[in-house]
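J.: If you look up TrEMBL, you'll see 21-42, 151-170, 177-196, 202-225, 237-258, 264-282, 347-368, 374-395, 402-421, 427-450, 462-482, 488-511 marked as transmembrane segment. The domain 'Major facilitator superfamily (MFS) profile' annotation in TrEMBL covers 99-516.
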Amino acid sequence: MPSFDEVLKEAGEFGRFQKRVFFLLSQTGITFSSLFASVVFLGQTPDNFWCRIPGAAELSEQCGWTLEDERNFTVLPLHLGNKSVSGECERLDVIWDTSVSCTSPIARYSNHSTGNLPLTPCHENWVYEQPHSSIVSEYDLVCANAWMLDLSQAILNLGFLAGAFILGYAADRYGRILIYLLSCLGVGICGIIVAVSPNFTVFLIFRFLQGMFGKGTWMTCYVLVTEIVGSDQRIVGIVIQIFFTLGIIILPGIAYLIPTWQGIQLAISLPNFLFLLYYWVVPESPRWLLTRKKGEKALKIMRNIAKHNGKFLSPHYSEITISNEEVSNPSFLDLVRTPQMRKNTLILMYAWFTSALIYQGLVMRLGIIGGNLYLDFFISGAVELPAAFLIIVTIDRIGRRLPFAMSNIVASIACLITAFLPEDIPWLKTTVATLGRLSITIAFEVVYLVNSELYPTTLRNFGVSLCSSLCDLGGIIAPFLLFRLAAIWLELPLIIFSILAAVCGLLVLLLPETKGISLPETVEDVEQLPSHFGKCGKKRKHRDTNSYI
């Protein structure tokens, strides 16, 4: 009675079948990263906007004003009287009188200096001057409402968080491929509703739901890919991150070519409907089927994999062995009940939180430092491409733990140096900041792989979901932390990023090394992984197992 890993080796650990499934599922990374970073373009704040006075339409009709005339007569006097007031968030609180002169509607206040006239905050009726529309101009997310733009990204990450728990649990209970397909359907439907939202409340509700389903697609496709390949091929978990980066690179091109935020939203949402076609070409994870006592279905899928890979499974195989751990519905207590599992869980949760907070903070920082947003975003995405290749070159030679730790340490140093470099040498500041972005990208990609390798099959999807939920918590905090601290000092967020990354770099050294070790099937397997003081790279011996037909 062979074990699953033995049958997989005979069927082909990364043959034609796995390569096809890998390529198809990897496309999910493009759509997910576009959703992840879309707020940078959906939420562009117009360069020029101003507040219309009450009754502006009537006054303009009486006097035959154009919008430019209206601005000159009602906003320009405010700016001339007080250079610190631009007319974007405040307006003159006066009675506008055009009965005497359309060219001087505040003539009755001629005895007063314009700078001494009363002001009042503007709450509505803004005029925006920008070729690309955005949710900022659509829902008036400016001035006192500017924080609502931060809220829209926080709500998306809150959806990611909900998806990690709800859909992660569902994928462990009802199957990887079923939840993947339902999530793709949900992303597409919610994305359309977001694009046609009549108000900001509806926008937030369905952006939350799109985030929840989006996390379901990315999470389940990642686990599916890692579960159908052999232990020596799990580097595909890193390669799949390249497609996430491709989405980041493609997004500014989409945003540049499509002039409306609704068009951008549809462009990143509709492709998810195409993934529903995977129902006919991507099978359920055989590892998951075995944990649910569906060994017959698992063996049928393994025979199909072998056939497509040009291999042949022995006809004498009627069952595949699986560990004797009882299958139950997973819970958080399962992740912290034993010493090694508890340590792994707490460190991975912090690593996810730190990686997401710093990564998302550095991405959104592009929107507040000036420059060409489309070009800068494209370059910053292209910088991430070497990350996967650096990991591929090093991770199977020196292991997971050292690159994981070093990438965090380098990111910490780069953020700290960038914060204190003078503005008059921008090339050096940009170079060091780019090094920080590359390093935290490496850390972000390694944590995906390490997380899936440190949990048993029965808890893998739930464990990845729970730990990665801290990634979503970091994403919720990132916009508020970045913009609020940057208002105090532009580089203050970089100091916080540096401290968080340094602590993470030290903590991950305490994790077990998983280089060359089969995916653990039980909690006992995890407890017997080599400690950080032990030798790495040894194959785990098989213990007593039960069979499921």
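Residue numbers in this text run from 1 along the chain shown.
In case you wondered, yes, glycine gets a Cβ from its N, Cα and C as well.
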J.: Using Cβ atoms only, state whether the transmembrane segment (237-258) and the transmembrane segment (21-42) have three or more pairs under 8 Å that are 6 or more apart in sequence.
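T.: Yes; at least 3 Cβ pairs under 8 Å.
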J.: Short question: most Cβ pairs under 8 Å with the transmembrane segment (488-511), which of 202-225, 264-282, 347-368, 427-450?
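T.: Maximum Cβ contact count belongs to 347-368.
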J.: Find the average pLDDT over the domain 'Major facilitator superfamily (MFS) profile' (99-516) in the predicted model and report it.
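T.: Its mean pLDDT is 85.
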J.: Do any residues of this chain, six or more beyond the ends of the transmembrane segment (347-368), have a C-beta under 8 angstroms from a C-beta of it, and if so which?
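T.: For the transmembrane segment (347-368), the list is 37, 39-40, 44, 153, 376-377, 380, 404, 408, 411, 415, 433, 436-437, 440-441, 443-444, 447, 450-451, 454, 466-475, 477-479, 481-483, 486, 490, 493, 497, 500-501, 503-504, 507-508, 510-511.
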J.: Six or more residues beyond either end and a Cβ under 8 Å away: which residues meet both conditions relative to the transmembrane segment (427-450)?
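T.: Contacts of the transmembrane segment (427-450) (Cβ under 8 Å, skipping residues fewer than 6 from its ends): 222, 226, 234-235, 237-238, 241, 245, 348, 351-352, 354-356, 358-359, 362, 380, 383-384, 386-388, 390-391, 395, 400, 403-404, 407-408, 410-411, 414-415, 417-418, 421, 464, 497, 501, 504, 508, 511, 514.
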J.: Give residue numbers and ranges for long-range contacts of the transmembrane segment (177-196): same chain, 6 or more residues beyond its ends, CB-CB under 8 A.
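T.: For the transmembrane segment (177-196), the nonlocal Cβ contacts are 28, 31, 35, 163, 167, 170-171, 202-203, 206-207, 209-210, 212-217, 220-221, 224, 262, 265-266, 268-270, 272-273, 275-276, 278-279, 282-285.
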J.: Against which stretches of its own chain does the transmembrane segment (374-395) lie, if we need a Cβ under 8 Å and a gap of at least six residues from its ends?
T.: 37, 40, 235, 238-239, 241-242, 245, 248-249, 251-253, 255-256, 362-363, 366, 403, 434, 437-438, 441-442, 445-446, 449, 515
J.: What same-chain residues lie close to the transmembrane segment (264-282): Cβ under 8 Å, and 6 or more beyond its ends?
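T.: Distant Cβ neighbours of the transmembrane segment (264-282) are 20-21, 24-25, 27-28, 30-31, 34-35, 38, 41-42, 177, 180-181, 184-185, 187-188, 190-192, 194-195, 210, 217, 224, 251, 254-255, 258.
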